[in-house]
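Novice: This is the feature table in TrEMBL:
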{"type": "DOMAIN", "residues": "1-360", "note": "domain 'FMN hydroxy acid dehydrogenase'"}
{"type": "BINDING", "residues": "25, 165, 255", "note": "glyoxylate binding site"}
{"type": "BINDING", "residues": "78-80, 107, 128, 130, 156, 231, 253, 258, 286-290, 309-310", "note": "FMN binding site"}
{"type": "ACT_SITE", "residues": "255", "note": "active site, proton acceptor"}
């Protein structure tokens, strides 16, 4: 096997290894998949303004997220059904994140429970929450996550209904029979029925609460003391409302381009959200990050850190825990090199002046001294 030298190469390996239904579920986006491509393409329209002749013999990539010190601003986004990619699933991902010294976010729809993931050993973990129609289920789940030592709730707010993912409709997607939504197993909500379209779309229509609104963000704070990150914000307006409603952080996300197609890429929406947040809460980004250069660009635009989703499931499918470790290591190494070549020795030295975007006003030319 040819050595994997970058994150993107894992996708082709995963496609070879996985059943079509599983690969398509992980890989596809909503409808025309315009935003899916744009999440990647938009990064290529941001260029560097590197500063030279700075002593970059020591580079510090460490950062603090909600008070927790991590090795780098690269974290793991919540992705569902990881045992569909590899038998060890979320266990492998949790161990890889822990050994890399970073944060893993566990999906509500994991194929391993919060308790099982906690049993893999120490680590800083966040829990992604979908709000079910039955609020007792939600309260119970949040309590279990707290008890299992999870440190924050990432509340997904862009999914009152599931986006139209046509590959899943064609494949009649359903969770393989040997897997369950482990967090819901004892609640009779752990299985997904075959449907005329996507089994997941039918499950969401039946179980997830379409009435979800800002009052529920308030309600969540009455049942947990954990900080709440609002995941799925793309506008300045919603950023301000989220902060007014007690959010501890914002995740700029378009759900991996799987919900509403033709929303902007997250890297293009980022600056608007950062400006609206005015430094009151940290802003994070997920969607389309495949290179250390992408991480740098997000931080230069004001993000406090980024989350990766598909690279985790693709590398997990290819090489299990070792694959996820390698993805985190490759991104870390590339990011360190980008910092060095840009003249930045710590995250605080990465500024908006280190990049140039199409929407920047042209820099005034300095008149030459004659």
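Using the three backbone atoms N, Cα and C, a Cβ is placed for every residue, glycine included.
Have a look at these and tell me how they're positioned relative to everything else.
Specialist: The number of other CB atoms found within 10 A of the CB of residue 25 (glyoxylate binding site), across every protein chain shown, is 25.
Counted within 10 Å of its Cβ, the other Cβ atoms near residue 78 (FMN binding site) come to 26, all protein chains included.
Long-range Cβ proximity for residue 255 (glyoxylate binding site), meaning a same-chain Cβ under 8 A and a gap of 6 or more residues, is found for 156, 158, 159, 163, 232.
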Novice: Applying a 10 Å Cβ distance cut-off over all chains shown, what neighbour count does residue 107 (FMN binding site) have?
Specialist: 23
Novice: Around the glyoxylate site formed by 25, 165, 255, which additional residues qualify by having Cβ within 8 Å of the site's Cβ center?
Specialist: 28, 29, 30, 162, 163, 168, 200, 256, 258
Novice: List which of the binding-site residues 107, 258, 309 have their Cα within 10 Å of the Cα of residue 165 (glyoxylate binding site), in sequence order.
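Specialist: Candidates kept after distance check: 258.
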Novice: Would you mind reading off the Cα separation of residue 288 (FMN binding site) from residue 25 (glyoxylate binding site), to the nearest angstrom?
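Specialist: Here the two Cα atoms are 17 Å apart.
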Novice: Indicate the candidate from 288, 309 with the smallest number of other Cβ atoms within 10 Å of its Cβ, considering only these binding-site residues.
Specialist: 309
Novice: In whole Å, how far is residue 25 (glyoxylate binding site) from residue 78 (FMN binding site) when you measure between their Cα atoms?
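Specialist: That comes out at 15 Å between the alpha carbons.
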